[in-house]
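So TrEMBL lists the following for this protein:
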type	residues	note
SIGNAL	1-17	signal peptide
TRANSMEM	41-62	transmembrane segment
TRANSMEM	83-110	transmembrane segment
TRANSMEM	226-246	transmembrane segment
TRANSMEM	266-285	transmembrane segment
TRANSMEM	305-326	transmembrane segment
TRANSMEM	360-388	transmembrane segment
TRANSMEM	444-466	transmembrane segment
TRANSMEM	472-490	transmembrane segment
C-alpha cells in the first residue's frame, strides 16, 4: 500500500513537472483549475483512505463471523429457525457495516476535499477516484490470499480425510480442519467483503467523475452531483426493511423454508429499491440535464436515468436467479452432474465443465441488454449508475453471502466439539442453503464488475482524451488480444498456487496420520498449528505474483505503448474475464452441491447414488475438490482483475496521456 501510494504521487505529480501553478482546465480552457500536484496529493490521500476502509471492513467482517459461528452452533440446539436468525443477522451486521462505512468515508472525503478545491469540481472528483483504487487493491490481496489459504486447507483435508481415511468432514482427528475453518472466514468473509466494497467504491467514483464534467458539475448542483451516493443511501434503508422480513415478520420453522426465505430477500429488496430509486430520482434531479458523452454534451431526462438504475438492479436479480438455477441441487443441472458420478470422476468433471460454460449465456445477455439500454439513455454515466443499481442492495447481498460461511463453520464447530448428530444435521441444512446463496453473491459481484469496469473504461477514455477506440488499428488490436489473455494467465497463477499449497498440506496430513500414534483412535491430538502455518505462509507468499501482474500491467502498457493500446488491453480483459469468472464460479458451485445432494440423500435418485463412502460419492468428492479453487480462488478474483486494471488506468490517465507511449515515440 505504501509503495503504491508513493507511485501515485510521483506519477501524477510529474504530469506538470511538480509545478504549483494553476493550469487551464481540461474540458474548459477558459477557466483555471488547481495544479496537477494537488491532484497527486489528494489522489494519494483518497487511495490510502480507500485501502484502509477496505482493510477495516474485511477485518471487522471476520471479527463478526468468528463471534457468530459459535453462537449459531449453540442456537442450533433449540432448532433450525433460531440458528438461521443468528447466522443471518450477523451477516446483515457485516453487510450494513460495509456499505455504510464505504458511503460515509467517501462523503466525508468529498466534503473535506471541497474546502481546498472550491469551484474546481473536475479536479476534486478526479482526485476522489483514488478511493476506488485503494478499495480494490486491498480486495485483490484479500480475495487471492484468502482463496489460496482456504482452498489449500480444504483440498488437503478432503483428499486425505474423506477419500483416504474415510472420516467425516470437520472431524477433529483431521489435522487440517482448523486451517479449513479459519480459511472460510479469510476467503469468503474478508475477501468477499472487500471485493464488493471495491466494486461499490469504484462505481461511485466512475459516476462522480463523469457527472463532474456534465451539467451537474458545470452548474455546481451538489444535490444532483451526489445522485450516485443517494442511490446507495436509499439502498441501506431498503435493505434494513428487507432484513426484517427474514428475521421478524416471517419465522422459519423447517429446513425447506431456508432457501426460499433467502431468495425472497433478493426479490423484496429489488422491488422496494425500484420504488426507492424513483423517489430519489424525482426529488433530487432536475427534469432535464446534460451528460458528458465523449466530447459532446447529451441531453438526458430524469426518467431515463431512473430506467438506467433499474435496468442494472433487475439485471442483478436475473443473474442471481440464473446462478441459483445452475448451482442449486434443487434443479436438474446439478442433479445431472450428480447422476454422472455413477460412472466415475471423469464423467463428473466433463458434465461440470459443460454446465459452467452453459451458465454464462443468460448472464451475458442480461449484462449486454443493461449496457445497451443505459448507454443509449445516458452514455457512460448511465452505465455507471446501472452498476450502482446492481450494487444498491449490497447490504442484503452481503448478508446472504456471509450467512454461508458462518453456517459452514457452525457445522465444523458442532462436529469438532462432539455435539449430537441432530445439531450437525441442522447446521448442514443451513450450510447447503448458504452454498447456493454464496454462488448468487459471486454472480452479483461478477455482473457488477463487468458494468463497473465498463463505466471506468468510459471515464478513462474521456479523461485520456481519446475520441474513438478503433479495433482495426494495430496499436489497439495488440492490446485487445493481450488483454484477453490476462485472465487466463492470472487464473493459471492462482490455480497453481492452490495446487502447490494443497500438495504440501496433503503431505503434512498424511505424515501426521502415519507417524502420530493414536490419532485415528482419538487418544492423541493432531498438530493443527503446522497445517495453519502451511496455509498462512502459502497465501502470503503466493498472492504477490498474481497481485503484481494486475497492478503492473496498466503501468507498463500505459508507459511503453500509450493510451490507445491500454484501452485495448482493458476491453480485452473485460470481455474474456467475465466469461471465465462466471463459468469457473458456477462449475465449482455445481460440483460442491452435487456432492451435498448425494450426501443428503433426500430423494429416491440421491439414495441410489449414496451413501457417503460409495463409489459415486467418492467421484463427487473429487469433482468438488477440483471445483474448490475454481469457485473460491480463480473465479471470484477475476472480477477484481478487470475492475482494478480499469480504475488504475483511470487514476494514472493524466500521466499516460502526457508521457505515455515511449516505444511509439522512438
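Positions of Cβ are set from backbone N, Cα and C atoms, glycine also.
Model, not experiment: these values are computed from the prediction.
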Take a look at 83-110, 360-388, 472-490 and tell me which one has the most Cβ pairs under 8 Å to the transmembrane segment (226-246).
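The stretch with the most close Cβ contacts to the transmembrane segment (226-246) is 83-110.
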Give the nonlocal contacts of the transmembrane segment (472-490) in its own chain as ranges (CB under 8 Å, at least six residues past its ends).
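Cβ under 8 Å, 6 or more out: 546, 549-550, 553, 557, 561-562, 564-577, 580-581, 634, 637-638, 641-642, 645, 664.
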Please report, as numbers and ranges, the same-chain residues at least 6 past the borders of the transmembrane segment (444-466) whose CB is under 8 Å from any CB of it.
26, 126, 129, 132, 192, 195-196, 199, 202-203, 205-207, 209-210, 213, 292, 294-295, 312, 315-316, 319-320, 363, 366-367, 370-371, 379-380, 383-384, 386-387, 390-391, 397, 563-564, 567, 570-571, 574, 578, 581-582, 585, 635-636, 638-640, 642-643, 645-647, 649-650, 653-654, 656-657
Do any residues, 6 or more residues outside the transmembrane segment (83-110), come within under 8 Å Cβ-to-Cβ of it, and if so which ones?
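45-46, 49-50, 53, 56-57, 60-61, 64-65, 67-69, 71-73, 75-76, 124-125, 128, 131, 135, 189, 193, 196-197, 200-201, 204, 208, 226, 229, 232-233, 235-236, 239-240, 243, 246-247, 252, 258, 261, 394-403, 406-407, 410, 426-427, 430, 434.
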